[in-house]
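A.B. asks: What follows is a structure written as structure tokens; I'll ask about it next.
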Amino acid sequence: MTKTFRTLDDVDVKGKRVLLRVDLNVPMDAGKVTDTTRLERVMPTITELSGKGAKVILLAHFGRPKGRDDKNSLKPVAAALADVIKKPVGFADDCIGEPAAKAIAAMADGDILCLENTRFHPEEEKNDPAFVAKLAELGDIWVNDAFSAAHRAHATTEGLGHKLPAYAGRTMQAELVALNKALEAPVKPVIAIVGGAKVSTKIDLLENLVTKVQALVIGGGMANTFLHAQGVKVGKSLCEKDLAPTALRILDKAEAANCAIILPVDATVAYHFEANAPSFAYGLDAIPDDAMILDVGPRSIERIHAAIDDAATLVWNGPVGAFELTPFDKGTVEAAKHAAKRTKAGKLVSVAGGGDTVAALNHAGVADDFTYISTAGGAFLEWMEGKPLPGVEVLQVK
């Protein structure tokens, strides 16, 4: 990802038909958009292109339709987008063919048009060359501003980059710059915090991180698997016992790479998985057989703080406890607040991503204090795993 990629600074868009791939996959309830975060994220690129006199043609998917399906139409999303950007947004009820061509032909410079859900055509996800060619006829250049879909080699996220001059939008550019700063060319030492329920979903991520960071904090349910692998009795806690050999392999790999692994040294446990259940802090040698670990304990929180203090860069994915239940949010909230404080003091570059992580940082009230928050989900994880992202690769200057 340290390779260079073309941005909007490299192209004159006046009078050009710009096919702009955006992420409009917003939550809906009864035909109304309930969270406009993703619409706000695409606003800078749309308004810049429109202001420079481009004909801005939006391409996006919505949901997982099997063919045309009105409840996955982008029409209400286009209306919500118009409210957010405070500009009219036209709508065409297909993304190819006559409806799209006619609507585009009627555009004036600076106009914005949203084409219908690209996934109404199964060829979108197959990256079908004939479908890509039909889309390419509608534009002069392609701008990808959907990092969240960059791990998919679909027609509108990757295929168009082989047919039209390709550029990164401002949201994509910001994401690539932030991620590059965090793992590819970071200020060292780098610490990663990885939490969440299961090791099984994050094996590739852990194996990549131990070769890139100087310290790795493992928390959440997945820490129990590592503790079990080391002979700790974890009671009724969530634990993937069959992955003990995998956990030991990751620990060995970390040691060989000189990456310090920071596991819990104590735990906050309860007998019931529910909010405000009576909870107790125990050392790892005393976890009751009928209790479950739901958060890191007070000494573990101190260790996480110390690790953050020693770091210049932090990459975070996944909560370190059952943060959705009080009081088992304490470890995650305190670590988040500590990282935010260091960031605000100019002592830490902090990058976080993944759905649960963003929710946890919002819950802690510190999301705005991190250097960068990625809303990308799957693409953020694949980047952390060190995998090439097709929608980014195609933007790079060869």
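Residue numbers in this text run from 1 along the chain shown.
Cβ coordinates come from backbone N, Cα and C, glycine included.
Quick paste from Swiss-Prot:
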type	residues	note
BINDING	Asp23, Leu24, Asn25, Arg38, His61, Phe62, Gly63, Arg64, Arg119, Arg152	substrate binding site
BINDING	Lys202, Glu324, Gly354, Gly355, Asp356, Thr357	ATP binding site
A.B. asks: Least buried of the binding-site residues Asp23, Glu324, Asp356, going by other Cβ atoms within 10 Å?
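C.D. replies: Selected from the binding-site residues Asp23, Glu324, Asp356 on minimum Cβ neighbours within 10 Å: Glu324.
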A.B. asks: Given the binding-site residues Gly354, Gly355, and counting only Cβ atoms in the protein chains shown, which has the most within 10 Å of its Cβ?
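C.D. replies: Highest number of other Cβ atoms within 10 Å: Gly354.
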A.B. asks: Which binding-site residues from the set Lys202, Glu324, Gly354, Gly355, Asp356 come within 10 angstroms of Asp23 (substrate binding site), judged by C-alpha positions?
C.D. replies: none
A.B. asks: If you draw a 10 Å sphere around the Cβ of Arg119 (substrate binding site), how many other Cβ atoms fall inside it, taking every protein chain shown into account?
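C.D. replies: Other Cβ atoms found within 10 Å: 24.
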A.B. asks: Whole number in angstrom, please: the longest C-alpha to C-alpha distance across Lys202, Glu324, Gly354, Gly355, Asp356, Thr357 for ATP.
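C.D. replies: Farthest Cα pair among residues binding ATP: 20 Å.
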A.B. asks: Using C-alpha positions only, work out which of the binding-site residues Asn25, His61, Gly63, Arg119 is nearest to Gly354 (ATP binding site).
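C.D. replies: Its closest listed neighbour, by Cα, is Asn25.
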A.B. asks: How far is it from Thr357 (ATP binding site) to Asn25 (substrate binding site), counting Cα to Cα, in Å?
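C.D. replies: On Cα coordinates alone, these residues lie 19 Å apart.
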A.B. asks: Which whole-number value in Å describes the distance between the Cα atoms of His61 (substrate binding site) and Gly355 (ATP binding site)?
C.D. replies: 19
